[in-house]
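Take a look at the structure set out below.
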Amino acid sequence: MTSTPLPRLILGSSSPYRRELLERLRLTFEVAVPDINETPLAGESPEATALRLSLNKAQAIAQRHPDALIIGSDQVLTLDGRQMGKPGSHDKAREQLRLMRGRTATFHSALCLLDGRTGQSQLADVQTRVTMRDLTDAEIDAYLRLEKPYDVAGSAKSEGLGIALLSRVESDDPTALVGLPLIALTSMLRQSGYPFFAA
């Protein structure tokens, strides 16, 4: 009896942090960068935004690689119900960190595993509550000069020096905060026939 070969696995992300997380699973995968509009829709909840964008990213890659299994992911940060994206500049990053100091924000880390062959998708949203230390303006500016976290939601790279900005992290998945929830992903991959610990 012959087993069906597994489809190619593609990570649809430009993030080096997500790539590093996926490498932990010791699976062979490729990386492709999706090109989509990431603007939130009017009235859309943070969870809905993150889930929609993770699906859209996977679908964009599937158009180019219809024979593959594609991982799409997105992360949306909320504070008091307000969505906060990637700052893109020093001034906006400073503003974000000033707003969050001493307070608790929620990261929605959405994940999509899309089978390009069938169009079937699995979706999950893993939430992480993060409490910031009560940082001084000088600490915020020093951190921003050192790490330049302008490409991450919330302006704090928890996988780097940004961990020193935090006083508490609450999540069901320790990898969700970095942007790729591996517990949810391994469950999805198992359902798609990917073996872990195969002899």
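Backbone N, Cα and C atoms are what each Cβ position is placed from, and that goes for glycine too.
According to Swiss-Prot, the protein has these features:
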- ASP74: active site, proton acceptor (ACT_SITE)
- TYR17: site 'Important for substrate specificity' (SITE)
- GLN75: site 'Important for substrate specificity' (SITE)
- GLU159: site 'Important for substrate specificity' (SITE)
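Location within the structure of each feature annotated in Swiss-Prot.
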residue	record	Cβ neighbours (10 Å)
TYR17	site 'Important for substrate specificity'	18
ASP74	active site, proton acceptor	25
GLN75	site 'Important for substrate specificity'	28
GLU159	site 'Important for substrate specificity'	16
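When the alpha carbons of ASP74 (active site, proton acceptor) and GLU159 (site 'Important for substrate specificity') are compared, the span between them is 17 angstrom.
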